[in-house]
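Working notes, structure below.
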Amino acid sequence: MSKKVFAINAGSSSLKFSIYEVPSEEVISSGLIERIGLADSLVTIKYDGNKFEDKLDIADHEIAINYLLEKLNELDIIADYDEIAGSGHRIVAGGEHFKSSALLGEEEIQKVEDLAEFAPLHNPAEAKVIRAFQKLLPGKPTVGVFDTSFHTTMPEKAYLYSVPYKYYEDYQARRYGAHGTSHKYVAQRAAELEGKNIEDLKIITCHVGNGGSITAVDGGKSVDTSMGFTPLAGITMGTRSGDVDPSLLQYIMKKENIDIDQMINILNKESGLLGLSGVSSDMRDVEEAANGGNERAKVAIEIYYDRVKKYIGQYLAVLGGADVIVFTAGVGENSITFRQGVLEGMEWAGIELDKEANQTRDEAKISTASSKVAVYTIPTDEELMIVRDTVALGNI
Ligand code: ADP
């Protein structure tokens, strides 16, 4: 019987899944359930070149998974539940506790719930999904893969904020970072493509999608990353501001007569490319508007390039130079002009983009032969990482 492993990415009202056959690592199905807990939940299941869609009310995550398993069986994607060898779950906040992926027993699930303060929309939903899998598929291993684990190797000087130390001691207020699974995957892949041992490389990974973060990877370990206590910090993003002076918040809040929750919501949902351009949070729309002469869209894009370039500069300083720079995620993989805009004028640092080679959306080396720093674009694959960790920890 073939073995199948789920990679699950659950949010507060959505659940994305991929099903892998192992050991071949072939994706046999993937899909999405949206609007969980709301009326008219939407289900999409892709398999074998087909697409199944349904609209019905799904009240919670357990019902969603029950429904999904039944549907997968009906569609003959999973002939028998015994084929399911385990499930891997993306978990947003692992705090200081989860330094690597973990097999999830009751104690670990409780820990995921305890960390809800660090990811209020995500961790509780993820814990519910894990419990549902354990209930519906008893005895099958469930593994947690944490966005933060890869960054737990950061030194104190990178993760502490310059605020009274007691806030760290009392409340674990510190930088945690995010997108760790993606940064780890593309760093490892870049080392493979370079034909070198990752222990011998200094790599700067740029994960730029709707959300985005830049990471300094030294010898395979994250030593600094642009996201902070939450994913609001760092570079300009689709709707998130990235770094701002905290005093600006107080100033705007007084002027607009809004409270801190409203202000943080504006920084999360109404800022970034969207707030600057007034056009969209989607880079394709902003690029189109800029090409059509929209001045604010042009400025938004300039700022986007600028913030990423500055983080690359910081990490060149932190690492003492870099051997490799990698671009990944929606914008990093697909926007040719973005990569060019970010790296323009960095030849002084030994970074030479090959403009011809850069005309790609696939995995490729995009630096010149004479460039001291190798530059790659590498499609990220967080699901594959989740499945690999599940197979390893679940003894599948
Ligand atoms: P998420 O962070 O939600 O996973 P993605 O990694 O899918 O997001 O990235 C979404 C972003 O990628 C959007 O801003 C989208 O415009 C951008 N993107 C996708 N394709 C292109 C393209 N061809 N050119 C420019 N930007 C693109």
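Each residue, glycine too, has its Cβ placed from N, Cα and C.
TrEMBL annotations: computationally assigned, not manually curated.
Look at TrEMBL and you will find Asp147 tagged as active site, proton donor/acceptor. Taken from TrEMBL, the feature Mg(2+) binding site covers Asn9, Glu382. Residues or ranges marked as ATP binding site in TrEMBL: Lys16, His207, Val208, Gly209, Asn210, Gly211, Asp282, Met283, Arg284, Gly330, Val331, Gly332, Glu333, Asn334. Residues annotated as substrate binding site in TrEMBL: Arg90. Annotated site 'Transition state stabilizer' per TrEMBL: His179, Arg240, in sequence order.
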TODO: With the Cβ under 6 Å from ligand 1 as the test, give me the qualifying entries from the recorded positions Asn9, Asp147, Arg240, Val331.
DONE: Val331
TODO: Could you list the residues of the same chain, at least six apart in sequence, whose Cβ is under 8 A from the Cβ of the residue listed as 'active site, proton donor/acceptor'?
DONE: Arg90, Ile91, Val92, Ala93, Gly94, Gly177, Ala178, His179, Gly180, Thr181
- [ ] Provide the three-state secondary structure of Asp282 (ATP binding site) computed with DSSP.
- [x] coil
TODO: Sorry to bug you, but what's the C-alpha spacing from Asn9 (Mg(2+) binding site) to Glu333 (ATP binding site), rounded to the closest Å?
DONE: 21
- [ ] Indicate the candidate from Arg90, Arg284 with the smallest number of other Cβ atoms within 10 Å of its Cβ, considering only these binding-site residues.
- [x] Arg284
Open item on the list: A 10 Å Cβ contact count, applied to the binding-site residues Asn9, Asn210: which residue has the minimum?
Closed with: Asn210
Task: Three-state secondary structure, Glu382 (Mg(2+) binding site) (per DSSP) - done: helix
TODO: Using all protein chains shown, find which of the recorded positions Lys16, His179 scores highest when you count other CB atoms within 10 A of its CB.
DONE: His179
Open item on the list: Between C-alpha atoms, which of these recorded positions comes nearest to Lys16 (ATP binding site): Asn9, Arg240, Glu382?
Closed with: Asn9
